[in-house]
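Okay, so here's the structure we're looking at.
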Amino acid sequence: MVHLNKTIQEGDNPDLTAERLTATFDTHAMAAQIYGGEMRARRRREITAKLAEIPELHDSMPLPYMTREEKIMESARKLTVLTQRMSEIIDPTDAGELYHLNNEVLGIEGNPMALHGVMFIPALNAQASDEQQAKWLIRALRREIIGTYAQTEMGHGTNLQNLETTATYDIGTQEFVLHTPKITALKWWPGNLGKSSNYAVVVAHMYIKGKNFGPHTFMVPLRDEKTHKPLPGITIGDIGPKMAYNIVDNGFLGFNNYRIPRTNLLMRHTKVEADGTYIKPPHAKINYSAMVHVRSYMLTGQAIMLSYALNIATRYSAVRRQGQIDKNEPEVKVLEYQTQQHRLFPFIARAYAFQFAGAETVKLYERVLKEMKSGNVSLMADLHALTSGLKSVVTHQTGEGIEQARMACGGHGYSMASYISEIYGVAIGGCTYEGENMVMLLQLARYLVKSAALVKSGKASQLGPLVAYLGARSEPTSLIDRVPNGGITEYIKTFQHIAKRQTLKAANKFFGLMENGEKREIAWNKSSVELNRASRLHTRLFIVEAFARRVNEIGDITIKEALSDLLHLHVNYELLDVATYALEDGFMSSTQLDYVRDQLYFYLQKIRPNAVSLLDSWEFSDRELRSVLGRRDGHVYENLFKWAKESPLNKTDVLPSVDTYLKPMMEKARQSKL
């Protein structure tokens, strides 16, 4: 029999199969929506199937039972096998296929080349000249060298203008002299910098004839290509264990008057001639392209990690029976409780929303990158602002959702057998890397304040498409409860009203402080909380709109209905979360707020039959999830016991610590009692 849910197999836990039999849509068709087309979804399944047939690519034991050194060795082993066999499994030039391959085999804890493909190659692709790409990019793509991106320092991260590493041009030798003037100038945190990489794209302040030309990027050799030992003038190493992501050797890097050729300055957009003449880039933010690249792709990565945790928690909630709703009936599935649904389902909606918003942002990034190659950087400021806000909101809400998923699993969620704690640790790193979240919101706020200034000066026609709503006329009150089924358009108008009101309020506070004599920087700081609120609301509006646009594009009725239910759940949940802003000026009434609550509870119930299938549609294999609680077959308890028995502590009945310390202590206590 052909089922709509394609994950059903004989012998599965009947409670989980029962959930899957209530699906109202084909999970393969939903996967096509998630991953950008039927071909991409099918390729993911084909890659997963091929990988399952290669035993050398399987973990030798569960990762939680390995030491950090063992994990790094295991990851390097699998990475080497992948490099040898990659071309028979995927198209190495396809970023989506490569990402899935890495997730399946190397997992979320990282690998010795994690930054190589995510930041090093994109930096060379975006900022190196054609000649430089011929020299370095080809070698990087062939994995002849391993590289990373070194920007963050011990003393400064997001504040690029105050980075302390210097690159001073020596006209006599036509070399840049890289130097770390003090301990806070050490590069600190770059992934794979500590032990794996032999090259790095380094960000340093460039000095020519005593003048600081600001931060620029340089291609810097770090280690001897034959011995892998650090080159003279280089101080380099691992910064130690972290909250998660410990297969990655995040490192430190210092320079002692270390010389590199002038031509190691990445020169696609900026140049330094032999005589020290500086040719500036066409746009001030053009060198941000590597970070914007990561922020654009981070969104779908965060959506996947949120979906990992939700898969685990929702499947487990479908097989875990606890308590009774009706005392005359047997114990019920935890998923039957409205509180559990309210804890998980809105985050299922967010995962889809983040995926669709992320896909839209990646398309915009690819458009900007293409235009940059021909010298057009007009959209970079818009993209930088958008990705700053999205990066902040999405990483924060993803962390919230993963933690809710862990707690939804009860005590077993705390075990590494659930693997949710590792997912959480990896995901929340995104709240601080590639820009600390509060600072990211303020970067978007600068864009919003400039837009508000246009509105204030009567130049709303000059607003870009992302902020056009700031100059549009608003309805006097929300019409949410007056349109059948709570029309999505009315919800969007409500979000627009809220975002517009808060943006103009925050901007007016900033403008007012300056008009009253405050210095710009002081006025900005005193307005920053309100400005960040505006940035969050603007970003959440964009996510809602992106979700709605995606649903409107879908032709398959069953898929459209299922995603429309998720969209309705999303807008009601999100609106309840920010309702204070709509109540403050009377745009919404308390009666309308009650209506929104009722709609939320209605859609929790409506989504209930599809909950497991909406997550199965992401089509994660058991190897990718690495979770006993989230197993596809639902056989949790017997495998939880099996997993526990694999603990290295269970290889012996009596631990050396007992023989050495605890047993003598107890014996001494017994003797003293006598």
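Backbone N, Cα and C define each Cβ position, glycine as well.
Per Swiss-Prot, the features are as follows:
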- TYR149, ALA150, GLN151, THR152, GLY157, THR158, GLY191, ARG320, GLN340, GLN341, HIS342, ARG343, GLY411, GLU436: FAD binding site (BINDING)
- LYS285, ILE286, ASN287, TYR288, ARG295, TYR433, GLU434: substrate binding site (BINDING)
- HIS342, SER392, HIS396, GLN404, ARG533, ALA534, SER535, ARG536, TYR581: ATP binding site (BINDING)
- GLU434: active site, proton acceptor (ACT_SITE)
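Overlay of Swiss-Prot feature records on the structure.
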residue : record                 : Cβ neighbours (10 Å)
TYR149  : FAD binding site       : 29
GLN151  : FAD binding site       : 25
GLY157  : FAD binding site       : 19
GLY191  : FAD binding site       : 27
GLN340  : FAD binding site       : 20
HIS396  : ATP binding site       : 17
TYR433  : substrate binding site : 20
GLU434  : substrate binding site : 25
SER535  : ATP binding site       : 29
TYR581  : ATP binding site       : 20
Residue, out of the binding-site residues ARG295, HIS342, GLY411, ARG533, whose Cβ gathers the largest set of other Cβ atoms within 10 Å: ARG295
Shortest C-alpha distance to GLY411 (FAD binding site) - which of the binding-site residues ARG295, HIS396, GLU434, ARG533, SER535: HIS396
In three-state DSSP terms, the structure that TYR581 (ATP binding site) belongs to: helix
Alpha-carbon spacing, TYR581 (ATP binding site) to HIS342 (FAD binding site), which is rounded to whole Å: 22
GLY157 (FAD binding site) versus binding-site residues ARG295, HIS396, TYR433, SER535 - nearest by Cα: TYR433
Rounded Cα-Cα span from ARG295 (substrate binding site) to GLN340 (FAD binding site), Å: 32
For ATP: widest Cα to Cα gap among HIS342, SER392, HIS396, GLN404, ARG533, ALA534, SER535, ARG536, TYR581 in Å: 26
Longest CA-CA distance among TYR149, ALA150, GLN151, THR152, GLY157, THR158, GLY191, ARG320, GLN340, GLN341, HIS342, ARG343, GLY411, GLU436, per record bound to FAD, angstrom: 46
